[in-house]
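Following: one structure in structure tokens, then a few remarks.
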Amino acid sequence: MATLFIADLHLSTEEPAITAGFLRLLAGEARAADALYILGDLFEAWIGDDDPNPLHANIASAIKALVDSGVPCYFIHGNRDFLVGKRFARQSGMILLPEEQVLTLYGKRILIMHGDTLCTDDIGYLRFRAKVHQPWLQTLFLALPLFIRQRIAAKMRAGSKASNQTKSEAIMDVNPQAVIDVMTRHHVHHLIHGHTHRPAIHELDIEHHPARRYVLGAWHHEGSMIKVSHTDIELLFFPY
Ligand code: LP5
Ligand code: MN
């Protein structure tokens with residue numbers, strides 16, 4: 001048996017192949033898993049649980065079918081879908097987790113997170129994140145008519161794309177010291193995250209002990225998952 005981790009699918013109506021690949025995973029390999037963890041940016045953008053986009057109901061019912069088959073599904077918010085709320089969680093059966101969560105799987109302590117908060121050199125992003133994570137602003141945003149929210153989200157996406165054009169690749173990756181700090185704080189030797197779209201397994205030292213950082217791949221051209229079992233932690237890629 002194994003526990004599966006995915007992130008950065010960026011599901012949207014513009015990418016039906018990715019949606020089909022996710023639905024295939026939910027109806028296939030995930031059914032034999034002990035649990036499925038989705039570590040953020042499941043959706044390209046999320047502007048509220050009340051968005052009537054049929055894709056959302058489709059995804060919710062497919063995840064709910066997995067959960068109802070006996071496989072729990074957990075969700076950590078990403079920087080695109082940090083507004084996923086209780087209503088979608090109820091519809092999908094997903095359990096919402098805090099942005100940093102330590103698991104004990106098959107005798108291994110593993111820290112999971114989306115990964116955006118590790119990009120501490122990206123001051124512009126951290127400033128933006130602090131703003132949009134203010135509860136009062138989120139309440140105000142969610143009270144706006146849907147079409148206004150769609151316009152704001154589109155502007156934010158455009159602003160982000162433009163901003164990313166001018167940032168160095170290094171700034172948009174995790175800061176090595178931030179990784180060490182968070183793993184030390186949680187006393188873990190395994191970290192799984194997404195966000196950077198730079199899939200890899202990195203060796204490092206935590207408290208003078210060998211440790212590993214596992215980075216999930218985004219589902220741009222193929223699926224990606226991390227599979228944790230009694231014997232192994234594998235980073236896998238597969239056609240949708
Ligand atoms: O997302 P991506 O991959 O392009 O880049 C991210 C960081 N950018 C973001 C912004 C998101 O893309 C925006 C998502 C909007 C959907 C949800 C809307 C909810 C609104 C809630 C309001 C309470 O996360 C990017 C990082 C990059 O990852 C790598 O880590 O660099 O960070 C930025 O680009 C931040 C910029 O530095 C500044 C942000 C520009 C946004 C401008 C907003 C103007 C419009 C406001 C209208 C009122
Ligand atoms: Mn992300």
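Numbering starts at 1 and runs along the chain as it is shown here.
Cβ from N, Cα, C; glycine included.
A TrEMBL annotation is a machine prediction, not a hand-curated record.
Site annotation (TrEMBL, ligand substrate) includes ASN79, ARG80, ASP122, SER160, ASN164, LYS167; from HIS193, HIS195, HIS197, the additional listed residue is HIS195.
When ASP34, ASP41, ASP173, ASP232 are compared with the Mn(2+) 1 site residues ASP8, HIS10, HIS197 in TrEMBL, the one appearing in that site is ASP41. Summary of the site annotation: TrEMBL records Mn(2+) 2 binding at ASP41, ASN79, HIS195. Screening the candidates HIS114, HIS230 against this entry identifies HIS114 as the one listed for that site. Each of the binding-site residues ASP8, ASP41 was scored by the number of other CB atoms within 10 Å of its CB, and the largest score is that of ASP41. Close to the recorded Mn(2+) 2 site, the chain also has ALA7, ASP8, LEU39, GLY40, HIS77, GLY78, ARG80, GLY115, ASP116, GLY194: residues not among ASP41, ASN79, HIS114, HIS195 whose Cβ is within 8 Å of the site's Cβ mean position. Other residues of the same chain near the Mn(2+) 1 site, with their Cβ within 8 Å of the Cβ centroid of ASP8, HIS10, ASP41, HIS197, are ALA7, LEU9, GLY40, GLY78, ARG80, GLY194, HIS195, ALA218, TRP219. Counting only same-chain residues six or more apart in sequence, the Cβ atoms lying under 8 angstroms from the Cβ of HIS195 (Mn(2+) 2 binding site) belong to ALA7, ASP8, GLY40, ASP41, GLY78, ASN79, HIS114, GLY115, ASP116, LEU118, CYS119.
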